[in-house]
Each structure stands twice: as structure tokens, then as C-alpha cells.
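Okay, structure first, notes after.
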Amino acid sequence: LPLLLEATLLRLASGSHHPFYNGFYYNHLMNDNGNGQEKVVYFNGAKLVVETPKDPIYSSNGANVTLPCHYHYEPDLEAKRKIRIKWSKLREDYTKEQDVLVAIGKTYMAFGDFRGRAHLRQAGRREASLVVSDVRLQDDGKYRCEVIDGLEDESNVVDLRLQGIVFPYQPPRGQYRLNFHEAEQVCQEQGAILATFNQLFQAWSEGLDWCNAGWLADGTVQYPIRLPRKPCGGLHLAPGIRSYGPRHRHLHRFDAFCFSSALRGEVFYLDHPAGMTLEEAKQSCQDAGAEIARVGQLYSAWKFLGLDRCDAGWLADGSVRYPIAKPRANCGPAEPGVRSFGFPSKGKFGVFCYKER
């Protein structure tokens, strides 16, 4: 029986399905007489409806989140069969969906990165809500809740958005040196992931203006412009997201736009009267029971915790930066932001450390 149930769940996970109500309800079937005439067969006379929130559900890295999903019949009807439920994550480029969880009755199976983190909440009548614990950066996106009752199969979508920040990134060796896969890697090394277009658009709407083109998670290359200017697409173009479209993921090279969410720990600054080299800075963080902070962690601490320090400090990638929440004299431009000194080969500075709570 367990093997049969597992096989059924796997077939359910990999089967084809319709994304939304398609007006069919499985009431319209072709006549078996082979004459091409269509006849109408009503199985139960009721329409299966799946409901999810229209507004996005917001969460943050490391949190637990519930994606609501309920279903009912019009007119009301008691289901005679065990309801089957499937949750899947829609991919940014609309290719094959990622299986999250499938269930028959009270038995369920989660897949991939969601194993051990996803389960159903069926506290109420006809509830099929998905609970995801220890939310990760890559969980951001759209999820489909699909309900199958016998031959009827309907679904709807929930939009999960992580509260986070997008930051441009280029490696120590300079501008436009990253192919797509290298861009994915450097973002991960900085406690982040490649940003999606929606995340970049949100950052642009909040004021991000950056003239260097960078990779996004869907393999396109784009950049956000608030103040049109000649070197950044020209003065004649309106503000917006400039796009190079999809680029070759191995051959073409650009910068990266990374996305980081709220922190589970804290970022703090350490200093020494004579300053520190990068290696001395790493050791100082370790002596304090922490690790040298990554770029994404510094941006998150600035964005969500209001970190404000007018002292330059080392970060894990060998860059030197400092976060300004309240602009003031001798601390850079008049706007809040994370200032960068680049990747100095010489010099001694303080250090930003990160410690888990």
C-alpha cells in the first residue's frame, strides 16, 4: 500500500494540469459513437472553485509562512472522493513547474528543497493551505494551488514575496566580467541570489538607479534608470528598466543584480587604532564569535536594521564599504546608501562582522 500511494503521489506530481478554470468542468465529453457529435454529461452539476489571496503574501528569510488556499463547490456539494491537492512553484521563465507538495487525504509528500519544510494546513473545512518553514531566498515567487476531485481539476495562484533588497555587484577584477553562471555564484557567495525582474522593478520604484547592466535570474540582462542621461541609454528615453533581453549564459559577460532578505542575526563594526588588514579583520571577527560579513548582509542590515556607520570596513569579498542611513557631512553623497571604496590591495580599515542570533 505505501508503494502504491507513493506511486500515485509521484504520478500526480508529474501529471499535466490546467492553470486556471477553463470553462470545461469535465461536463463536455465527445460522444463514444464516433460521429463527432458532442454531448453533455453532468457528473455532479457542481462547479469546483479554488480560492487564493489576490494580494501578495510577504515574508522574510528564515521565517515561517502560510500560503492560503481554500476550495468549494457552486452549488454546495459534499465530495464523495478523497480530495487530491498539489502545490507547485511557477518558474520565472514559465518552463516546467517545480513540484512542491502533493497530497491525498491526510497523506502528503514534499519534494526537492521543500522536503522537511513544507506541509499542508487543513485546519478548516475545504482548506488546502501550504505552510513553508525556514523560508529561503529562492522561495520567492508564484505558487499554484491545485485541487483535484475525481475528474475535476481546478487551481489558482498565490504570490509569495520576500522583503529584501537588490544591490548591484561586480567582482574585484572589474566591470562586466561575469557570465550568467558566475553571476549566480558571486551572489550566493555574498549571502544573496540573482534578483528577479519583479525584485529589480521594486528596487527601481524605491529609487535604485544604476547605469551598469547586470544579469537577472531569468537569464536576461537589464539595468534600472531613474535619471535619464547620455551614457545610460540616452536623454530621450523615459526612466525605467533598460533591457538587453536574454543573453548567452556562457559567452556574454556583465555585472550582477543580487537579492538579499532580512537577516537572522546582526552586523556590527570592529575597529583597531592602527586599522587591520583583511586577514587581521577576519581573525578579529572570529575572536568575537562571529564571521566577517558578506556584502548582502551589510546591505540587509542597512536596509532593515538601520545600520549607520561612517567608518569604512572590510567585507568577506575583500571590498571596503560603509552603510549610511542618515546622510551627513563627510559621509558621502546626500542620499542614504552603502558606500564603496572598491577592493583596495593595500591599507588598513575596520571590519563589519556578522553573528547569528
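Including glycine, each Cβ sits where the backbone N, Cα and C put it.
Annotated disulfide bond per TrEMBL: CYS211-CYS232 (among others), in sequence order. Annotation for CYS211 (disulfide bond): spatial neighbours TYR223, ILE225, ARG229, PRO231, CYS232, criterion Cβ-Cβ under 8 Å with sequence separation of six or more.
Sequence annotations record features per position, and here TrEMBL assigns disulfide bond to CYS310-CYS331 (among others).
Annotation source TrEMBL lists domain 'Ig-like' at 47-158.
Sequence annotations record features per position, and here TrEMBL assigns domain 'Link' to 165-260 (among others).
Residues or ranges marked as domain 'Link' in TrEMBL: 266-355 (among others).
The Cβ of CYS331 (disulfide bond) has CYS310, TYR322, ILE324, ARG339 as same-chain neighbours under 8 Å, each 6 or more residues away in sequence.
Of all the Cβ atoms in the protein chains shown, 19 others lie within 10 Å of the Cβ of CYS232 (disulfide bond).
The DSSP breakdown of the domain 'Ig-like' (47-158), given as helix, strand and coil counts, is 6 helix, 58 strand, 48 coil.
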